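Here is what TrEMBL records for this protein:
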{"type": "DOMAIN", "residues": "1-444", "note": "domain 'Major facilitator superfamily (MFS) profile'"}
{"type": "TRANSMEM", "residues": "61-79", "note": "transmembrane segment"}
{"type": "TRANSMEM", "residues": "91-109", "note": "transmembrane segment"}
{"type": "TRANSMEM", "residues": "115-137", "note": "transmembrane segment"}
{"type": "TRANSMEM", "residues": "149-167", "note": "transmembrane segment"}
{"type": "TRANSMEM", "residues": "173-194", "note": "transmembrane segment"}
{"type": "TRANSMEM", "residues": "287-311", "note": "transmembrane segment"}
{"type": "TRANSMEM", "residues": "318-338", "note": "transmembrane segment"}
{"type": "TRANSMEM", "residues": "350-368", "note": "transmembrane segment"}
{"type": "TRANSMEM", "residues": "389-410", "note": "transmembrane segment"}
{"type": "TRANSMEM", "residues": "416-440", "note": "transmembrane segment"}
Amino acid sequence: IRLRGHRTGLIFCNESVFRILYHFPATLSILSSEMHFGWTSPSLPILIRGGYKFRITAEEASWLAVILLAGTIFGAVFTGCLADVLGRKKLILFTALPLFAAWLAIALAESVEVLYAARFTAGLSSGISISAVPMYLGEIAEPDVRGMLASMCPVCVVFGVLLINILGNYLDIVHTAFVSSIFPVVLFATFAWMPESPSFLLLKQRKEQARETLVTLRGKDNGEAELKRLEEVFEPKKATVLDLFLKSTNRKAAVVAYGLRTVQQFCGTTALTFYCKTIFEQADDLISANVGTIVYFSLQLVVAFLASFIVDIFGRRPLLIISLLGCSSTLFLLSFYIYVKDCTSYDIDLYTFVPVIALLLNVTFISIGIRNIPLLMMGEMFSTDIKPVALCVGTIFYSIVATLSAKLFYLTNEMLGMYVPFLIFALLSLVSVVFVVFCVPETKGKTLEDIQNELEGSKLFNNKERYSVSKEKGKA
């Protein structure tokens, strides 16, 4: 593959190879952020037992789990204010600094207060990456592969959580933090060479750089055609939070995008991530909690990776419906088993495999759709001018709902028993199917402009067909 210097990044003569390479460095920001997110699963039991330099209480552990989400809110606000000032690329690069600092703080911590500060700092980067990376990938990817590429963000979420669980189960907290600090360094070293979003470049009236970026990503003919298309629909204006709610198109997009993020929490995805090892201790006589946790997140990674390739084949809606129905069924089963085990005198020694099977089936159904697709559609539903604000508000909304979900699990488990939060999540997952059926549109294979036109209830032009024609000409 021949390379040559370019002020927007590297130009690869092999377009398909470049498609892959420009995507993965950006997702390293999410991977490293999610390593912090999943750090509580292997680490909290150690801290509560006193297996570290100091010991923490169960209440301190619950706050240590969710304080990262408080930092995420501030990171999202930061992104909303500066995404159209600094650009998507610079924001993603910046996340490497707090992520690296947070791992060093965890490695050197002598008190729970230092851990709180480290988790909050990591949350800042998490808020930026969750907001900026889907925005960047949604604007830079072609329609026919946008679903696959953007779905790799949730795959990196799962891979980050799996990686920290493997490290945390076989290394102590200090060495885990030092090893994990390598990933922000790799992020900075690789993503520095990637191009800026062409939509941002047009926003800053840097048309020539936008053209060079599109030619780099698409080839000359397709790049020129897409530049023309973007200029036709581009409106260089600064959107505000009020625009998100005053314009009907934005309101419809917000209902879909934020609704799916809520549904994601209705399935208990955050709670399961925070307390996965604790949950597997319910079946510790069949499989160790360490092994069960690694198997759980490994399966989640494999299924999420495979789902990223089929999301543009089967579409978003069918996968979401299958995911929610399966998730609800497995949570009902898990709740029933724990109730019988803890609240009745029935002998269930022959059925100790049930929680393991239920959890593994649950994570399979979660990974088919509800783990990947909400984050993907966050980058699809909003127009370029409102997207920074919308993703900022969406990340704040997600952080609040995720915090409530995690605290709901903790409080109901402590007061009523573990079967109660699983029962609640099962019922909410079932109800969520109605929302998907009646409110969520299908976006498979559509350009971002097509999606906006459908939200407006009109089809002024068919960008999908125009793009396909230009693509065929480029191949010819």
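Glycine is no exception: its Cβ is also placed from the backbone N, Cα and C atoms.
The average pLDDT computed over the domain 'Major facilitator superfamily (MFS) profile' (1-444) stands at 82. Through the fold, the transmembrane segment (61-79) approaches residues 36-37, 40, 44, 47-48, 91, 112, 115-116, 119-132, 274-275, 388, 391-396, 398-400, 402-403, 406-407, 410 of its own chain, all at least 6 residues removed from its boundaries and within a Cβ separation under 8 Å. A contact between the transmembrane segment (287-311) and the transmembrane segment (389-410) is absent, since fewer than 3 of their C-beta pairs, 6 or more residues apart, lie under 8 Å. Within the chain carrying the transmembrane segment (115-137), a Cβ under 8 angstroms from the stretch's Cβ atoms is held by residues 23, 26-27, 29-30, 32-34, 36-37, 63-64, 67-80, 83, 88-89, 91-92, 94-99, 101-103, 105-106, 109, 146, 149-150, 153, 197, 375-376, 378-379, 387-388, 391-392, 394-395, 398-399, all 6 or more beyond its ends. Below 8 A, the CB atoms of the transmembrane segment (173-194) and the transmembrane segment (350-368) form no more than two pairs separated by six or more positions in the chain, fewer than 3 in all.
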